[in-house]
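A.B. asks: Just lifted these from TrEMBL, have a look:
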TRANSMEM  13-34  transmembrane segment
TRANSMEM  46-69  transmembrane segment
TRANSMEM  89-106  transmembrane segment
TRANSMEM  118-138  transmembrane segment
TRANSMEM  144-165  transmembrane segment
TRANSMEM  172-193  transmembrane segment
TRANSMEM  205-226  transmembrane segment
Amino acid sequence: MVLPNLLLQLGPLSVYSFGMILAAIFLVGVFLFWRGATREGFASDPIFDLIFLCTLSALFGGRLSFILLTGEPSLFNDPLAIFRVGEGIFWMPSFLLGLIAFYLYIRRRAATSGWSFFKLADLVVPIVALGQAIGFLGAQVTGYLSSVISPAFGYLGLTLILIFVKRKVVTTGVVFFLYLLLSGFLTVGGEYLRQVKAVALGIDLNYLLGATFLTAGFAGLLYQFLRSRKLFPSLQIKFSVPTFLGEIEKQLRFRLKVSRIRQKRAGGEDASSTDRISEKD
């Protein structure tokens, strides 16, 4: 542990180092998403409404799942425990409920403002991956994470991959599905190395959600690949059956033409050699 757990104590108010790191991650993430969205032509006010709705939904989903799966504290005895998010939340349910709110709000705006879910999702997932990387690193330096192999480097690599693909790709949704695929892989790998498992009803939740992300990401990428004929402008790959057959026909005609020219040349050489022999006789 590099940083002290408790940074500041002001009467009943306790300021923890990991909490400060998470707050900084959130504020920087909000700024990066707002800047990227406004550069793409989205208005500021609806973007902040989207951020607010997704934040509340994510905190509620993560906190509720933590209480229901751990049983501490009981909501019947302490209903206000749902608001004490500092006592613990689960990341995957938090992400899923935030994603649902993200989709529903954009779907509502799509009818009037032409918003695109995949366009905004491609903007936000590299920021989410970067936040996960810094969050895992913060958990390590504050003592909340004691594993020898830190997941932070995996999510940092994921961030770099997403940024690279986003600059090269031309089809919306590819970056989002790639995040689901690779983050699902990292979740399954991280759960394999984790000593304390998140198990409910005999099911490892991180394995289940990680496998779900893997499947959804792979299916989405496959769909986008089959749907779009050109993902990367540098590759310029286009394929269709008529085009393929047309190329074969062109090659056959060219080879037939070359063969005829060679036959004519060979026939001319034979005729000239016969004339030379008859002249000698």
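Note: Cβ is positioned from N, Cα and C throughout, glycine not excepted.
Can you tell me where each of these features sits in the structure?
C.D. replies: If one looks beyond the transmembrane segment (172-193) by at least 6 residues along the same chain, the residues whose Cβ comes under 8 Å of a Cβ in the stretch are 92, 116, 118-119, 121-122, 125-126, 128-129, 132, 147, 149, 151, 154-155, 158, 161-162, 165-166, 204, 206-207, 209-218, 220-221, 224, 231.
Sequence-distant contacts of the transmembrane segment (205-226) (same chain, six or more residues past either end, CB-CB distance under 8 Å): 69, 90, 92, 96, 171, 173-174, 176-188, 190-191, 194, 197-199.
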A.B. asks: Establish whether the number of Cβ pairs under 8 Å between the transmembrane segment (13-34) and the transmembrane segment (118-138) reaches at least three, counting only pairs separated by 6 or more residues.
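C.D. replies: Yes, the transmembrane segment (13-34) contacts the transmembrane segment (118-138).
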